[in-house]
Amino acid sequence: MAKEEIITIEDIIQLASKYLITEDIAFIQRAYDFAKDAHNGQFRKSGEPYIIHPVQVAGILTNLKMDAETIAGGFLHDVVEDTEVTLKNLEEAFNPEVAMLVDGVTKLGKIKYKSKEVLQAENHRKMFVAMAKDIRVILIKLADRLHNMRTLKHLPPEKQRRISNETLEIFAPLAHRLGISTIKWELEDTALRYLNPQQYYRIVQLMKQKREERESYIKEVVEELNKQLDEVKIGAEISGRPKHLYSIYQKMVKQNKQFNEIYDLLAIRIIVHSIKDCYAVLGIIHTNWKPMPGRFKDYIAMPKQNLYQSLHTTVIGPKGDPLEVQIRTKEMHEIAEYGIAAHWAYKEGKQVKGRKKSFEEKLTLFREILEWQTDSHDAEEFIESLKVDLFSDMVYVFTPKGDVIELPAGSIPLDFAYKIHTEIGNKTIGAKINGKMEPLDYTLKNGDIIEVVTSNHSYGPSQDWIKMAQTTQAKSKIKQYFKKQRREENIVKGKEAVDKEIRALNIDPKEVLVSDNLQRIFDRFNFTSEEDMFAAVGYQGITAALIVTRLTDKIRESQQKEQDLETTIEEVKTDVSQKQSQKRDSGVQVKGVDNLLIRLAKCCNPVPGDEILGYITKGRGVSVHRADCPNVQTDEAKERFLQVEWENVQTDNLQYHVDLEVTAYDRRGLLNEVLQAVTEMKTNLTHVNGKSDRNKMAIIQITILIHNKSHLRKVVERIKQIKDVYTVTRTVH
Ligand code: MN
C-alpha cells in the first residue's frame, strides 16, 4: 500500500478483477457511481472533492482482497452520515448486507473515545468489536481511519493529537488483534508523527544515516544464505526486514535503549514454499551460525493469538553480530501482513468465482478458521476476544465520564450501578440512559451512556431487585444489603411500630392494613410490598407516624363525620375535664374557654400566623385546621366550627410540623441544595422523600419544624431561590 499515491476507481477495478467475478465488479462500480453522486458538491478539509476519500478507503479494502460487499461498503461508508441517503435507500439500491455494513461503520463513528485511563482502551476496543457485529465493519473502519491518518495534516493541531491518540489506543491495537500488521504499522507511525514529532523526525534522520551501511551488510548475508539454500535446492525469498519507526520508538522509551542498540540489530526474513522447508532452513541456519540461547520460538506449532505463524531465531551472524531470522511460508506471510483479511481472501478466494456465499456461511467459515486454532492457549484467547462479535454475549456501555463498562448481554441499569460501586447501587432511585429517564429494568444496549440517579434518602434496594438484576455481582450485593439491614428483624420491628401508632388512634390495625389502602402508600413512597414498608419503618427509613397518618386518613375522616353529628360543645368540655392532666401545647386557645383539649389537625398542619378555625370532634376535643383546609369546607363541618385564635405567646419554643412539596427540574445535586437551604435557615427536618419522573420533573417532599408563619415564609422563599425550582407548596393531605 503506497502511502502518497492516490488510487483511482480504474485501479480498484483492475485490482479487483484479479480475484472477483464480473458480476461483483459491476456491483462495486455501481457502488462507486452511487457514492460519487451522493457526495457530489462536498469537499474535504484538504479542498479535494469528497469522493476521493471513500475511493481511497475502498482501495485499501481491495488491496486486502475483500469481497464485493465490503468494497462497496468502503465506497458508501460515509453516505448515510454525510448525505441525504438513508439505509433503506442502500438496501434497495444494493442489498441488506451492504446496508448493514454501512450502518455498522456509521454507528462506530459515533463512539467517541474520551477516557484518559489506559485500562479503558481494551474495553473500548471490545465495544467496537461488539458493536460491529460483522468483522468486515471493523475492516472498513480501519481502512477509513488509515486514510484519515494519511490526510491528517489538513486538520488543526488539537484534532490531530486527539485523533492520533485514539488511533494509537484503539485502532492500531485492533489492527494488531486482527493480525493486519501493514495497517497497524502505518497507523502507529503516522500517529507518532503527530504525537511526538520531535522524536519521530529524529528517528527518521537516524535511520537515513544508517541505511546504506545496513543495506550493504544485509546484502552480504542474503548472498551467503542464498548460496547455502541453493546447495540443498530449497527455493526461498530472502530479504532484509524493515524496522518500523514506532516499534523503535517504543523500545527506546520502554526499554530505555539507544537507537543504535535497536537499529543495528540486523533482521532478515526467509519465505519458503512449505512448512517442511521452514524447519529445513532453520536447521541450515543453526548449523552455519551459532544460535543465541533462549531466542528460538516456534510460532508455527504455537501460533500467536492473532494467528501469526513463523519460526523466529537469533544467531551470531557472519560479522559476529546478532542476526534475527524469521522463517515462514508464503501463506503465513500473507497472514502476518493482512491477518484476518488474508484468511478471508484465502478461504473465499477458491469459491468466489463460483456462487455467492451467504453471510451466515461466511460467519461459519470464520468460526471454523478460529476453532482450528484451539490447541494453543493464545489462540483460545483470540477466539474469546472475537466471540464478543460472533456470539455477542456482552454489552458495552459508557459512564457519563466516557469510561466503558463491560456487562453480560441483557444487563439492566441496576447491574451497571452495582458494577460501579455497591453504595451507588444501594442508593439508586432511577437511571438516565442517553439523557432520558428509563425504568430500572431497561435492557442496556451497546454504546448507551448511563447516568445512575441516586439519593441519599433512598430506602435502599427493594426485594424485587434481586430478581430484576442480571449479574450475579449485583444480585449478591443486593442480598448482602438485606442481610446487613437484618430485614426480617426490621419487618417485625416496623410492623410493631405501625400497629402501635394505629392503635393510639383507637383504630384496629386490621381495618387499615388492607390492600387498597396499602397500595396508596406503596405508590406514594415507592414501596413494592407490605414487607418493604415495614422494613423501611424498622430501619427508620421513614417514620411510622407518617405512614399511619396516610393509612388512617380515610377512616378518620368518616369517623369524624359520624361523631361530629352527635357532639356538642358540652360533651367536649366534659371530655376535656377528664383529661385535665393533658398539657396544652398547641399554642391555640378557644375564645373564652379554658382547659379545652386542642389538637392541631395533621392534614393541614397550621402554624402560628395562619388563619385558623376550630372544629369540634367527639372524644378528641377541638381540632384546629387552617381556615382554607379543604377537609373542613363542607356545610356539615361549618355547623361544628368554633372560633379559635393563636395564643399571644412567644412561639419560639414551640415547633409545628409543616409538609412542603418542592417541584423542580431534576438535576444532579438538586436534593442536596434543597436540604442545604433548610439547614441554612436553622430549621429542623423530620422527613424527606424525593422522586423524579420521565420528564425530568423532580418532586421532593419534606417535613420541617416551624415556629410560626413568618419563619415558614422565609424557608419557602429560600427554597424558591434555588436554581431550577419551579414551585414550593404547603401540602394538605
Ligand atoms: Mn470516512
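The chain as shown is numbered from 1 upward.
Cβ atoms here come from the backbone N, Cα and C positions, even for glycine.
No curator has checked TrEMBL annotations; they are predicted automatically.
Confidence over the coiled coil (548-582), given as mean pLDDT on the 0 to 100 scale, stands at 60. Annotation source TrEMBL lists coiled coil at 548-582.
Per TrEMBL, the feature domain 'HD' maps to 50-149.
Positions annotated as domain 'TGS' by TrEMBL: 393-454.
The annotation domain 'ACT' is assigned in TrEMBL to 659-733.
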The domain 'ACT' (659-733) resolves under DSSP into 23 helix, 32 strand, 20 coil
Reported in the order helix, strand, coil, what are the DSSP residue counts of the domain 'TGS' (393-454)?
13 helix, 25 strand, 24 coil
